[in-house]
Amino acid sequence: MAAPPLINALGSSGHVGSMDFRLFYCGRVGPDAGVTQRSPVVLRRRVCLQSLAAVGHIGMMDPCSFTCFSRCSTKHLNLFLHVDFDERVIRGKVQLTVEALEDRFSVLPYRQVWLPVVGACSQVISRTLGGKQTLDTRDLNIKTVSVNQQPARFALGDKHSFKGTPLDITLPFDLSRGQHVIVEVTYQTSPSASALQWLSPEQTAGKEQPYLFSQCQAHHCRSMIPCQDSPSIKHTYYAQVSVPKDLVAVMSAVRDGQKVDPQDSGRIIYKFRQPVPMPSYLIAIVVGALESRQIGPRSRVWCEKEFVDKAAFEFSETETMLKTAEDLAGPYVWGQYDILVLPPSFPYGGMENPCLTFATPTLLAGDRSLSNVIAHEISHSWTGNLVTNKTWEHFWLNEGHTVYLERMIGRCMEGEPFRQFKAMGGWKELQDSVNTFGANNPLTNLVPSLQDVDPDDAFSSVPYEKGFALLYHLEELMGGPEVFMGFVKSYIQLFAYSSVTTDDWKNYLFSYFKDKVDVLNQVDWNAWMFTPGMPPVQPQYDTTLADTCIALSQRWLQAKEQDLSSFQESDAAALSSHQLIEFLSLLLQGDPLPLTHVKKMQEVYNLNAFKNSEICFRWLKLCVRSKWEEAVPLALKMATEQGRMKFTRPLFREVFHFDKYKEEAVQVFKAHRAAMHPVTSALIAKDLKVEASSSGQ
């Protein structure tokens, strides 16, 4: 059998860097050929990606998406969404304005087929499936498809475990490069859509109205909207959302009025516009009994009325943070900056949806001590939302830079010792993640390969804190925070409104610091980027604010039973909330404390009474690790009363590893899993080795 045209075009002299790899293929590969027969042939080649591109057989690809974003690009979405709480579905119509990026384009946007790569190089090659066009979907019921108002043939492909199902569409005509087409899809979501959580009235604070919220990052928008669900694609959007008249809808966009639904006088249509191009994972919707309070000239806080005033107090420094970020990174381009406090099941600390940051209610500490999460989400307005990682393998570009900018905001507001103190805490979080994954786990690489890896499974503090550590290391090499922040600002300005890879970032770093290339060449880039475990360099942070925490933790670690009477209530009273968190984090780094010690700690510090969620989490984790049985119900209570994965997953794991209560951890999880967010439920099930729920949860 002759080699496929893709392989014939290569000759034998190509290369990918200096890496050899194998191409496994099945049948013919080409723009006019499907997979016609299977073949066991394995070809060894040193293949040049530039050669592949030259013969038109390779495009840019995203291992977490079916779409091939170098062939065509979505420029705008027009959304019509009808929210049905009775059926727990959204009935939708989406009109995608798509631009062809090549001539004789008749497929939108070309399905990717992965040809496995063996060896250290993890490049992959994409090609077309003859005459098919593809959007990402997951558990969607597709009703109709049209192109420029002409009916179009479509078919759903095979379902993938985490990528969902490709929606293959055949265009009724060819397009030339630069031409636009409007593809319209009518559809309905599944009640178990991974992007959506439907809450009964009993699960809300008010107990009277249902609630809906979305969480699309990283690859869940496809379960809410058929789209090119890759961070490489950026588009504007307009939305009209029909909801029951007693409820309010908000989205990651600017509000654009409302009207009575002409089809049902018992419903209201809320309208939204997002004029700034953004990736699909930032599309967000919330529907509930919401109220809002003004907290700044361009900011409101939204939540159920039971918490709205408390939230307004907690986030009253938002405008100061916004102005500080603008001084550091440039103008805020998104117009409105609102914060929405979600019900407790929201799985993250915050989500940087443009114009409407989502925040967990676990931030409502009562003393603004956890508002640094808002500084983080504000920072995403530049690093993540404006300049975006091209694929999730480059997630550190979003999160490492955002942590860096967040801590620069803290530096401006609280001083350099505060930035150093927070950086020390971040290093410990990185150590925890590396310990959890394992020091040799490739998912602890700063730039991991995500081929055949669910990005939800890869989520950890590694891209955040390993990324920050690299940027801080470069800051020290390049001349300090002011000098390096100049680079970060320039990087944002250069790549604004686009999506980038680590190579794009690194090339610009070398260009910006062209007079210091010799210093940059001394950095062990392979160890930082592509080697698992802790970074090759540990920054030496200033310990001024940590010294008191370190001293107190050492007293407890070294104390004999007869020394316990020396501890006093004033020990903890002298610490700020941030320092108390650090104190507990230090205790968690070593071997479990003796049970007598944690009991004494509760007696003198009364840590069970603290409301700060970061303190409660670490304290309960410490108690369970020390086998204090009285702490187990408290730990499980915290793990189920809120759903922030940063807290819930480790608490379940701690109880699960307490042999006496292993089965109780499983039973409590099973009893509460239906009320959990789908992503949270799925990951805890893996942690506890529980079979996946048949309901999709």
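A Cβ is built for glycine as well, from the same backbone N, Cα and C atoms used for every other residue.
Whatever TrEMBL says is automated annotation, not expert-curated.
Lifted from TrEMBL, the feature list:
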- E377: active site, proton acceptor (ACT_SITE)
- Y464: active site, proton donor (ACT_SITE)
- Q215, C216, Q217, P347, Y348, G349, G350, M351, E352, R644, M645, K646: peptide binding site (BINDING)
- H376, H380, E399: Zn(2+) binding site (BINDING)
- 544-688: domain 'Peptidase M1 leukotriene A4 hydrolase/aminopeptidase C-terminal' (DOMAIN)
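Ranked by Cα separation from E399 (Zn(2+) binding site), the recorded positions Q215, Y348, Y464 are led by Y464.
Counted within 10 Å of its Cβ, the other Cβ atoms near H376 (Zn(2+) binding site) come to 24, all protein chains included. Note: the residue listed as 'active site, proton donor' has non-local neighbours W396, E399, G400, T402, V403, G426, E429, L430, i.e. same-chain residues 6+ apart with C-beta under 8 A of its own C-beta.
Largest Cα-to-Cα span within the peptide-binding set Q215, C216, Q217, P347, Y348, G349, G350, M351, E352, R644, M645, K646: 18 Å. Mean model confidence of the domain 'Peptidase M1 leukotriene A4 hydrolase/aminopeptidase C-terminal' (544-688) amounts to 96 (pLDDT, 0 to 100 scale). Residues E352, E377, S379, T383, G384, N398, T402, V403, L405, E406, Y464 surround the recorded Zn(2+) site, their Cβ atoms falling within 8 Å of the Cβ centroid of H376, H380, E399, which are themselves excluded.
The two recorded residues G350 (peptide binding site) and H380 (Zn(2+) binding site) have their Cα atoms spaced 11 Å from each other. Take the CB of Q217 (peptide binding site) and look out to 10 A: across all protein chains shown you find 26 other CB atoms. If you check the recorded positions H376, E377, H380 against Q217 (peptide binding site), none has a Cα inside 10 Å of its Cα.
Listed binding-site residues near the residue listed as 'active site, proton acceptor': E352 (candidates Q215, Y348, E352, M645; Cα-Cα distance within 10 Å). There are 21 other Cβ atoms within 10 Å of the Cβ belonging to G350 (peptide binding site). When other Cβ atoms within 10 Å of the Cβ of M645 (peptide binding site) are tallied across all protein chains shown, the result is 20. Between the CA atoms of H376 (Zn(2+) binding site) and Y348 (peptide binding site) there is a gap of 13 Å, rounded to the nearest whole number. Of all Cβ atoms in the shown protein chains, 24 besides its own fall within 10 Å of the Cβ of E399 (Zn(2+) binding site).
If you measure from the Cα atom of Q215 (peptide binding site) to that of H380 (Zn(2+) binding site), you get 16 Å. Each residue contributes its Cα atom, and for M645 (peptide binding site) and H380 (Zn(2+) binding site) those atoms are 20 Å apart.
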